[in-house]
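So the structure is just underneath, and the comments pick up after that.
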Amino acid sequence: MKIAIASDHGGLNLREEIKQLMDEMNIQYEDFGCECETSVDYPDYALPVAEKVASGEFDRGILICGTGIGMSISANKVKGIRCALVHDTFSAKATREHNNSNMLAMGERVIGPGLAREIARVWLTTEFEGGRHENRVSKITAFENKVQG
Ligand code: RB5
């Protein structure tokens, strides 16, 4: 599994924590910034990374900003992206099992590094359940195809 990860300046520290976690888990990843010497605009990082996941260049993506909200809103504009904004481990597991989320967003200003690491660990290791959930996710894909071609 290959992960694309990015953050804005508000998520810089947590991005480093999650990269460290992926090193420990032997998960391959590529870091798409930001360098964050000044404040940056989260769509400039969320959108290209979401496109890399949607195209299949990366299997999944992780985005971090201050709240996780701007990153998740932006990523979900890209066709084929199901980005889940998650701040608890129950949702981390459920969104993989039920929604087959292919991107995870978190907010560094919302949760501490310990919880964020656990959320990422659960999200990275949980499989989609398929079955009745496949049908529901397919309805989202069908809508995207109808609206965006
Ligand atoms: C940056 O100040 C902040 O707005 C951003 O990190 C994020 O929280 C946006 O949703």
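Cβ atoms are placed via backbone N, Cα and C, with glycine included.
Remember, TrEMBL labels are computer predictions, not curated facts.
The annotation active site, proton acceptor is assigned in TrEMBL to Cys65. Counting every protein chain shown, 30 other Cβ atoms lie within 10 Å of the Cβ of Cys65 (active site, proton acceptor).
Same-chain residues at least 6 positions away in sequence with a Cβ under 8 Å from that of His98 (active site, proton donor) are, in sequence order, Glu129, His133, Arg136. Under DSSP, His98 (active site, proton donor) is assigned to a helix (H, G or I) in the three-state scheme. Among the features that TrEMBL reports, active site, proton donor is placed at His98.
The D-ribulose 5-phosphate binding site annotation in TrEMBL covers Asp8, His9, Gly66, Thr67, Gly68, Ile69, Gly70, Asn99, Arg109, Arg132, Arg136. Listed in sequence order, Gly10, Gly66, Thr67 are the same-chain residues six or more apart from Arg109 (D-ribulose 5-phosphate binding site) with CB atoms under 8 A from its CB. In the three-state DSSP assignment, the secondary structure recorded for Arg109 (D-ribulose 5-phosphate binding site) is coil.
Annotation for Gly70 (D-ribulose 5-phosphate binding site): same-chain Cβ neighbours under 8 Å, separated by at least 6 residues, are Asp8, Tyr42, Pro43, Ala46. In this entry, D-ribulose 5-phosphate is bound by Asp8, His9, Gly66, Thr67, Gly68, Ile69, Gly70, Asn99, Arg109, Arg132, Arg136, whose most widely separated C-alpha atoms sit 39 angstrom apart. Taken residue by residue with DSSP, Gly66 (D-ribulose 5-phosphate binding site) is part of neither helix nor strand, so it is coil. Proximity of the recorded positions (Cys65, Gly68, Arg109, Arg136) to ligand 1: a Cβ under 6 Å from the molecule is found for Cys65.
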